[in-house]
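Written below as C-alpha cells is the structure these notes are about.
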Amino acid sequence: MNKTDVMSWIYFSHPKKADIVNILIIIAIWTVMVIVVNPLGNFPLNDDWVYGLAVKSILEKGDFRLPSPAHANLFFQAFWGALFCLPFGFSFTALRFSTLTLGLIGATGTYGLLREVNANRKISLLGALLVVVNPLYFGLANSFMTDVPFLALSILSFYFLIRGLKRESITEVILGLCLVYINILIRQYAIVILLSFALAYAVKKRFKLKFLFASFVIFSSGVLLHIFYQKWLYSTGRTPEIAENLFRNASSIKLHFHKGSFILISLVYIGCFISPIIAIFFVKKLKEISRRQKTITIFSMSSFFVVMMGGLIWQRRTMPSTGNVLRYFGLGPLNLRDTSILKVNLPYYSLGLQVFWFIVTAIGVLGAFLLLYYLCLTIIKTFSQSEKWLNVLILSAILIYLFLFGVRYPFDRHFLFLLPLFMVLLVISNNYINEQDIGKKITAFALTMIFIWGGFTIAATHDYLAWNRTRWQALNDLMEQGVTPEYIDGGYEFNGWYLNDIKYQKQRGKSYWWVNRDDYMISSGLLKGYQEVKRYPFARWLLLKQDNVFVLHKMAEDKTNGT
C-alpha cells in the first residue's frame, strides 16, 4: 500500500464530526421508521419467495439451489440472507432484516458518495434522506427482493471507484471492482457499472494502449462472470433454465415508441423523488443567468410541462403509472386473484388521492425537464473539460441504464438505480454551493417533501406489511383446519412457496400461479361463485380506514370460478 493509499484510508477513518452527526441522523431516522412499520412476520413478499427457497436450500442442504427460475443472479444475497438466519433458523423476518441492513448501508453510502463528489453536508444529508424516505427504496428494504441490495452495493462501488480514481489509489479501485463483481452475483445489471468504469478509466488514462486493454479486461471479466455463473447453474441442475436473459434481449434490440417512453416516465419518477435537490441547483442557476436566458428557460420548461403533463393525463399515465410496487393506494403488489387478475375489490381511488398524485406527477414532470437539461449540460461540459472521467463515469452509467429500458420492460423499482446517479450528476454539473447559500424557502420545500414522502412511505409500508400479515394469518388458520395448499388459491406468493412447479400448465378459469384446485380463495372482497367463510380485519394507515382480508369457499353449484 503506497503513501496515497495510507493517507486515503486515514482520511476515510477520521471523518469530521459534522459528518458523523449527519450519519447518526440517517441511522436514527431509518431505525425509527423500521420500528414504526413493524417488519416482523414469517411470510414472503412479491418475488422474494423464490429467493427464500434458495436460502432454505443453503441452510438445509448446504447447497445453493433455485428450485424456481429467477431473473436475478441472487447468489451473494442468498448467502447474505442465510447468515442472518443462522441464529434462529430460516424465516422471512430474518431475511427482511438482512435487506434492511443493506438498505441502511445504501443510505449512508449515498451521503458518502455525495460528499466524495464535493457536495456540501446539507445537500449530502438531504440526498441520503431522500433515499431513506423513498417509498420504493424503503418498501423494498422491508422484503428480500434484490433491488435494495443491488442499489446499496452499486452506491458503495461508485464511492470507492470514484475515490480510487481521484486519489490514484489502486487499493480503493480494487475494492470498488470487487464490490461490482459481488453485485453482478446479485443482479447482472451491475455490468453497467463495469462498462461505465471502463470508459471513465480509459478517458482518465488518455486512451493509452495498456489502459485500454485493462479497461477491456475489467468489463469483459464481469460479462464472463455472469455467463459462467449462468452456465454453472444450468449445467449442475441448480435451477431450471429460462428463456430470457440480459444478453438475449440486448442482441435483438427493438426500440418501440411505447418502450422508449419509459425513459421519460423514469425521469418523471426520479424528478419527483429528488425534486428538492433539483430545486436547490435550479434556483441558484436562475440567479446566475441573464434575464433573456431566464425567459427562454422558463418558456421551455412551461412548454415541456404542458405537452408532457397533457400527454400523461390524456393517456391516463400520471404517477404511479409504471407497475409493480408503487400504487395509488400505497405499496403493492396485491397478488390475489380479485385484485391482480380480475381487477376488482381494489381500494377506492378517492378524489383526494387523485389530487395528490396529480401534484406529485406535476412536480415529477418539472423535475424531468430539469434532469434532461442537466443531462445535456453535463454532456456539453464533458467535451470542454480537461478532467472528463467523472462526467464520463456518471453519464455513461445513466445513459446505458436508460437505454436498457428500451430493450426490456422496466418495473418502477428498476428506476432506483438512477436515484443516486442523478444526484451526483446535479452536483458535478454545477458549481459548488455553500450551505448558507441555500435559501429558507428552498429549505422549507425540501423539508416539506421529506416529511410528505416520509409519512407516505411509513404509512404505505405499514399497510402493505399489515395486509400480508393478515392474509397469511388467514391462510395459516385455513391450513390448521386441515385444508392443504392444493385446494387453496392463496395468491402468487402462497402458491409459489408451496406449489411452484416448472412444468405447471395454466388452467382455464384459474389463476396462473400454480393453482390446482381453488375450493378456497383468499381475496380482498366478495366474488361471484364463492361464499364468505371468514373475514380478517386490519388497519390501513394511509387511507385512514379498516379493511378486510376474506376467506372464500366455492359454492358447489357454481363452476365458473368467479370469472
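The backbone N, Cα and C atoms fix where each Cβ goes, and this holds for glycine too.
For reference, TrEMBL has these:
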{"type": "DOMAIN", "residues": "82-214", "note": "domain 'Glycosyltransferase RgtA/B/C/D-like'"}
{"type": "TRANSMEM", "residues": "20-41", "note": "transmembrane segment"}
{"type": "TRANSMEM", "residues": "97-114", "note": "transmembrane segment"}
{"type": "TRANSMEM", "residues": "120-137", "note": "transmembrane segment"}
{"type": "TRANSMEM", "residues": "174-199", "note": "transmembrane segment"}
{"type": "TRANSMEM", "residues": "211-229", "note": "transmembrane segment"}
{"type": "TRANSMEM", "residues": "262-283", "note": "transmembrane segment"}
{"type": "TRANSMEM", "residues": "295-314", "note": "transmembrane segment"}
{"type": "TRANSMEM", "residues": "355-377", "note": "transmembrane segment"}
{"type": "TRANSMEM", "residues": "389-409", "note": "transmembrane segment"}
{"type": "TRANSMEM", "residues": "415-433", "note": "transmembrane segment"}
{"type": "TRANSMEM", "residues": "445-467", "note": "transmembrane segment"}
Out of 20-41, 262-283, 355-377, 389-409, what stretch is closest in contact terms to the transmembrane segment (415-433), meaning most Cβ pairs under 8 angstroms? 262-283
Which stretch from 20-41, 262-283, 355-377, 389-409, 445-467 shares the most C-beta pairs under 8 Å with the transmembrane segment (295-314)? 355-377
As a test: from 20-41, 262-283, 445-467, pick the stretch that has the greatest number of Cβ pairs under 8 Å with the transmembrane segment (355-377). 262-283
For the transmembrane segment (262-283) and the transmembrane segment (20-41), decide whether they are in contact, meaning at least 3 CB pairs lie under 8 A, counting pairs 6 or more apart in sequence. no
Give the mean pLDDT for the domain 'Glycosyltransferase RgtA/B/C/D-like' (82-214) on the 0 to 100 scale. 97
